[in-house]
Amino acid sequence: KMAPITNSREEFDEIPTVVGIFSAFGLVFTVSLFAWICCQRKSSKSKTPPYKFVHVLKGVDIYPENLNSKKNFGADEKTQVKNKPAVPKNLLHLDLEKRDLNGNFPKTNLKAGSPSDLENVTPKLFPEGEKEIISPDSLKSSTSLTSDEKQEKLGTLFFSLEYNFEKKAFVVNIKEARGLPAMDEQSMTSDPYIKMMILPEKKHKVKTRVLRKTLDPAFDETFTFYGIPYTQIQELALHFTILSFDRFSRDDVIGEVFIPLAGIELTDGKMLMNREIIKRNVRKSSGRGELLISLCYQSTTNTLTVVVLKARHLPKSDVAGLSDPYVKVNLYYAKKRISKKKTHVKKCTPNAVFNELFVFDIPCEGLEEISVEFLVLDSERGSRNEVIGRLVLGAAAEGASGEHWKEICDYPRRQIAKWHMLCDG
């Protein structure tokens, strides 16, 4: 009878031992997990940010996918200008005060094309310890241009290229533009900004800020593109579009610069380049493409049914490749827009199929003072969409457009479809 009691006591004596062992293992696991988390946090700080690009505007890092109000002014010792004494981090942004409201540096009396000027300017543009390469094209003097060529000049774009092998990042710095033409005839000035994209793919699109009332804008904006292998750089090209902002209408295109990166070596450091801005290629009306439109006028309900069916032979919106077209439909009464609609965007196609129907209420009897405008646009995320072509149907229209409008007036309640050539926007 006493044997079972002894066994139960031994079992009770073993329980604290087991509990102590499990507690020890739990404590070791918790400490190990805490140490691992701390190590991961420290290592994550040194990793490359998982962003497509980083926009540096005058020393301020702007992460497009995580914008916040914190602006950290500062730079490493590597970014200090040569022979310039070190200053505290909280005073680094004082250099910006040397610029005017448009971000321009005070003009100095330098001779264009002088080698001595390049030696004086270069240390200010690039940090100490970094190698500089000035492209041969940037040393060409403009003094040999004739008077006719000077009148047609659209200015010069200055920029630099660099590849960061440590972070596998391609860095483009848009420095400034000089000698831009005046797009505003009243103030005889412009409000320039620059759009840039990497070709042949249109994944990386960026643009600078707008600088007001200046023909010599100093942007000094850096765009860093991560995830581009150096072996792929030779296959890419840069396309810059220089525009002038217009608050009340479409922005004016000043010109463009196209830079193939084939043959450009970035292994030795940052490369300073400049290119003359050329006039943008103007497409002829015959190359704008065609639009298939179906119209039906309901005289009993006083409505106009518009069906945007198809588009074909649409041109490339730029040197980047195919367009992403969509159609915007505007209804006008007595030359005043009273209604607007638009279709969905069709990706990367010159022959888009829309098949979208819109019904407009007509505010008067008959279609004598009614007109319909069709704008075919190229969708560009992050910037203003470009007009590919334009079509206007109405009583005042001529040719095939006027005949189509006359048919729907003569034959109400009948759906009439026709192809129309697009003209300049």
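Glycine residues also receive a Cβ, built from the backbone N, Cα and C atoms like all the rest.
Residues or ranges marked as domain 'C2' by TrEMBL: 153-274 (among others). A mean pLDDT of 89 is what the model gives for the domain 'C2' (153-274).
Residues or ranges marked as domain 'C2' by TrEMBL: 287-420 (among others). For the domain 'C2' (287-420), the number of residues in each DSSP class (helix H, G, I; strand E, B; coil) is 13 helix, 69 strand, 52 coil.
Under the heading transmembrane segment, TrEMBL lists 15-37.
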Exercise. Count the residues of the domain 'C2' (153-274) that DSSP assigns to helix (H, G, I), to strand (E, B) and to coil, and report the three numbers in that order.
Key: 4 helix, 63 strand, 55 coil
